[in-house]
Amino acid sequence: MTRLLWCLLALFAVSGWASAQAIDPLPFKSRVEEVRFQHLTKQLRCMVCQNESLADSNAELARDLRHAVFALMQVGKSDAQIKHYLTERYSDFVLYDPPFRRGTLLLWLGPILLLLLTAAALIATDRGRIPSRTQARQEEPW
Amino acid sequence: MMRTLPLPGFALLTALFGFGIRWNSHHDPHEVPSPLIDKPAPAFVLPRLDHPGQSLDKTSMLGRPYLVNVFASWCIACGEEHPVLMTAGRKLGIPLIGYNYKDDPSEAKAWLARHGNPYDQVITDRSGRTAIDFGVYGAPESFLVDAGGVIRYKHIGPFTAELIATELAPAIAALRREAP
Amino acid sequence: MMPELGQFSLILALLLAAVQGVVPIVGAWRGSPSLMAVARPAAAGQAVFVAAAFFILTYGFLTFDFSITYVADNSNLALPWYYRVAAVWGAHEGSLLLWILILNLWTVALAIFSRQLPPAFAARVLGVLGLVAVGFLAFIVFTSNPFARLLPMPGNGADLNPVLQDPGMTLHPPVLYMGYVGFSVAFAFSIAALLGGELEQAWVRWARPWTNAAWGFLTGGIVAGSWWAYAELGWGGWWFWDPVENASFMPWLIGVALIHAQAITEKRGSFRAWTILLSIFAFSLSLLGTFLVRSGVLTSVHAFASDPRRGVFILIFLGIVVGGSLLLYAVRSPKMIGQGKPFAVVSRETAILVANLMFASAAGMVLLGTLFPLLSDALQLGKVSVGAPYFGFLFPLLMLPVVLLLPFGPHLHWGRGDKGALARVAGRAAIGAVSCALVMWVLVDGQLKAIAGVAAAVWIGTGTVLFALKRCRAVPRGSHYPAEMAGMLLAHLGVGVFLIGVLLSEPLGITRDVRMAPGETQTIGSYTFRFDGVHGVDGPNWHAEQGAVTILEGSDVVTVMHPQKRVYARGQVQTESAINAGWRGDLYVALGEPMPGGDVAGAWTLRLYQKPFIRWIWFGGLFMMLGGFVAAADRRLRHPRTVAAVVTTPAVGESLA
């Protein structure tokens, strides 16, 4: 049944809600490793789901990839190496944190642009009212 | 100037949404282009479905182009694709490798016995471990690998006769032109 | 017969909305009182027919009328009555009907409470709301008929999606829509002001309570949604930065900016155009949210089944409403450059402007991040995902200045602040924050996020409480805190409470996936979780495997928790987490799968969480919501005589009375 369901998911037929969660006990060596794993899988996207991380998804592929991440951690790979391993195979789409490159320039620099634009808009909508030392009077706050 | 600025900004946004509606009615949002195109296919050694003792590996396939078709008996869309592979797929002139993905071998055999076997060879990946190296995320998926072992084309989802004629066959023809 | 009556009611409502949208505006333009007088009866008539349609649909659910496709798709004979009522807004068509009903509630409320407004202005406001209703009614009538018949009538219906069968979800959409739609009132005021042109800033004063109330509802709706995601989705998270959540968060952020901008415009006369622009943005983003959720343009965990035709309709509607408003703004707003009062660098105006800048930019950032995957497709820059790490990094950065300024807000004077007094507040708040941070440093073993959380909360809390104390001493009894001020203090305190919840629950929380056989224990923090096995239970429309997990602290039994794994009528599996809530934190248990063929019989996988202070997140949100409502109730803002007085005399401390 799960397989069938997953196949349907893989075939893009499903729209709607995800309801079952991914409870997946793994033999972590330490609490630190467990936290690192939880943190890392939260930043990786499940390919076949609507919009869920590997940590949250119950899809079978997500489970396979979680186990792959776990195995890579066991052989001492760093977070960056694990992310590289996944993007090599599944493209940047698996990263919820897109890397800074030409294609994502607008994404990462956009907020600064927005800040400047908003500031300009604020000033322009009320020219001449901007802080003027000479006339401002102190008034009751309420 | 600042007062008219929101208008073109909003126009751009509307254009983007218009694009989104169009794009989504032609493309599947889950279809992610593979980064493995024009990269060497991952090395694989996988047991054959008919002789689990024997395996097929990448090096033994070098020297000629072939198509790897990921399928499974549990996959509904594979059933839709199957008749197309039985007819048009067999006329491609290259070996067809069936990649049985996360499937029970006896169910896979029964499925092929029932629907016919279009494949020259069928390999099995029960755990799905090697499939991760191929960037497989569902079934069916198909990879066209050239004589040098490089992935040249990938199709996600079921093939139709039309897709084979418009995409796969020209890609194979291009491979033939390259190799003298 | 009944369903056809429902559909007929919607068509009649559409016609009345068209009358309400056109006639009063023409009347206001031509100066004809008789045309303007059409607004109220038309609005009332529309509301009656919309309510009739809504009740007919509800009646269909209550009487199991499966000849209505929508009822058959979203309910069945076993579904309890309360979820059958909630099922009315459980899917696209019905939730749209709820949206329209709520728009009518706001319109009727406005029609009743707008009698002291100048008739032409009231006519324009009601007219604009009528035009908005035309769009939505046309949408429902032409693309999303909730009364479509299903023939032959099936013997039983399908089911309401199990994740929606939860009290939080019953509450979430109506409250959220109250907020979304509530911004239409501020929007209508702004458009009416632009249309009228002749008005001074008086309209802002009339718009303020409506905006505050709408924002309060929106806050409540988001809190309910977040709570529902936490309790029902079973991941223990409270915010995922999913497009659907972002869709509600953007108008909220603009709403915060708008509430504060309205204060400047009303009290000081400056930044009128900016306030109008924000009103347009807040409502546009509400519409955009509807579009995003229903058009299927973005991939989201929880979206409505999408249909490109609907997408096109909303896009055109959005284009007309937002494009038209922005055009009107471009043409008319240059006339609104007013003679606002000057202010110095250190002043309440400046602080509010900084907050406005940050909130508006944050809303822009969320929009950019939400739409970037689509943009990347359009420009062929490759498929990308933008998720929690992106927003979680940028949002706190943008909010940092806001948190730093927050304790000074109430202390700052309009025009020019008292630097000495501000320095004293800063000193005390800093001493409080730093000393609490030091204590935390020892307690939590260098968890920077948690330390920052406590420091920020104390920083905000000290500034706010100092102001409250000062008022208590300096102002005669009975007028310590006007409602407007009390609302502000509540909301600002809520920010502090919220920060504690957010910044403590994440770094100090513990999540573990474990495999447990009956009798086995796991220790998390100071608690021991003992698994006592699983047994079957039955609900009205589900069967569940229910686990028993006993929580021990030392050797004392704290509680026994019962997580469930339910199977609903159509075979959908739904996990019901068990939550033991408390001030200091929640314990949370979710049941996974039975372990197949294990060495010990009856072993299951379980997820165990300890989430310190997580409840403070929603309490913070509820404080903010309450703040919005209390501020909206201020008598100064609605008292007709005060309104009349203020139009003629500039606002100087009149509110102390």
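Using the three backbone atoms N, Cα and C, a Cβ is placed for every residue, glycine included.
Taken from TrEMBL, the feature transmembrane segment covers C:45-64 (among others). With a threshold of 8 Å between CB atoms, the same-chain residues lying at least 6 positions outside the transmembrane segment (C:45-64) that come near it are 2-3, 5-7, 9-10, 12-13, 16-17, 20, 70-71, 74-75, 77, 81, 84-85, 87-88, 94, 97-98, 100-101, 104-105, 107-108, 130, 133, 137, 146-147, 157.
Under the heading domain 'Cytochrome c assembly protein', TrEMBL lists C:89-295.
Positions annotated as transmembrane segment by TrEMBL: C:96-113 (among others). Here the transmembrane segment (C:96-113) has Cβ contacts under 8 Å with residues 13, 39-40, 43-44, 46-47, 50-51, 53-54, 57, 88-89, 125-126, 129-130, 132-133, 136-137, 139-140, 144, 146, 173-174, 177-178, 180-182, 184-185, 188, 210, 290, 638 of the same chain, all six or more residues outside its ends.
Per TrEMBL, transmembrane segment is recorded for C:125-144 (among others). Remote same-chain residues near the transmembrane segment (C:125-144) are listed as 7, 10-11, 13-14, 17-25, 28, 39-40, 42-43, 46, 50, 92-93, 96-97, 99-100, 103-104, 106-107, 110-111, 114, 117, 184-185, 187-189, 191-192, 307, 309-310, 313-314, 317, 320-321 (criterion: CB distance under 8 Å, separation of at least six residues from the stretch ends).
Here TrEMBL flags C:177-197 (among others) as transmembrane segment. Outside the transmembrane segment (C:177-197) by six or more residues, the chain places 25, 28-29, 95, 98-99, 102-103, 105-106, 110, 120-121, 124-129, 132, 203-204, 206-207, 210-211, 213-222, 248, 251-252, 255, 258, 275-276, 279-280, 282-283, 286, 289-290, 325, 328-329, 332-333, 335-336 with a CB less than 8 A from a CB of the stretch.
What TrEMBL records for C:209-229 (among others) is transmembrane segment. Tertiary proximity for the transmembrane segment (C:209-229) is limited to same-chain residues at least six positions away from its ends with a CB under 8 Å from its CB atoms, namely 106, 110, 166, 168-169, 171-173, 175-183, 185-186, 189, 235, 237-240, 245, 248-249, 251-252, 255-256, 258-259, 262, 279, 487, 617-618, 621-622, 624-629, 631-634, 637-638.
Residues or ranges marked as transmembrane segment in TrEMBL: C:249-266 (among others).
Annotated transmembrane segment per TrEMBL: C:273-292 (among others), in sequence order. Residues of the same chain lying 6 or more positions beyond the ends of the transmembrane segment (C:273-292) and with a Cβ under 8 Å from any Cβ of it are 99, 180-181, 183-184, 186-187, 189-191, 193-194, 204, 207, 211, 243-244, 247-248, 250-251, 254-255, 257-258, 261-262, 264-265, 298, 300, 311, 314-315, 317-318, 321-322, 325-326, 329, 333, 336-337, 356, 360, 363, 367, 370.
Remote same-chain partners of the transmembrane segment (C:312-331), defined as residues 6 or more beyond its termini with a Cβ less than 8 Å from a stretch Cβ, comprise 131-132, 135, 138-139, 142-143, 187, 190-191, 194-195, 273, 276-277, 280, 284, 287-288, 290-291, 294-295. What TrEMBL records for C:312-331 (among others) is transmembrane segment.
The annotation domain 'Cytochrome c-type biogenesis protein CcmF C-terminal' is assigned in TrEMBL to C:315-635. The average pLDDT computed over the domain 'Cytochrome c-type biogenesis protein CcmF C-terminal' (C:315-635) stands at 90.
Beyond the ends of the transmembrane segment (C:352-375), by six or more residues, the same chain brings 241, 243, 246-247, 249-250, 253-254, 256-257, 260-261, 263-264, 271, 274, 278, 281, 285, 292, 297-299, 381, 383-386, 390-391, 394-395, 398-399, 401-402, 405, 409 to within a C-beta distance below 8 angstroms of the stretch. TrEMBL lists C:352-375 (among others) with the feature transmembrane segment.
The transmembrane segment annotation in TrEMBL covers C:387-409 (among others). Counting residues 6+ beyond its ends, the transmembrane segment (C:387-409) has Cβ neighbours under 8 Å at 240-241, 246, 348, 351-352, 354-355, 358-359, 361-362, 365-366, 369, 417, 422, 425-426, 429, 456, 459-460, 462-464, 466, 488, 492, 495, 499 in the same chain.
Sequence-distant contacts of the transmembrane segment (C:421-444) (same chain, at least 6 residues past either end, Cβ-Cβ under 8 Å): 346, 407-408, 411-412, 450-452, 454-456, 458-463, 466-467, 507-508. The annotation transmembrane segment is assigned in TrEMBL to C:421-444 (among others).
Per TrEMBL, the feature transmembrane segment maps to C:450-469 (among others). Packing against the transmembrane segment (C:450-469) from elsewhere in the chain are residues 403-404, 406-411, 425, 428-430, 432-434, 436-437, 440-441, 444, 481, 489, 492-493, 495-497, 499-500, 502-504, 507-508: each is 6 or more residues past its ends and has a CB under 8 Å from a CB in it.
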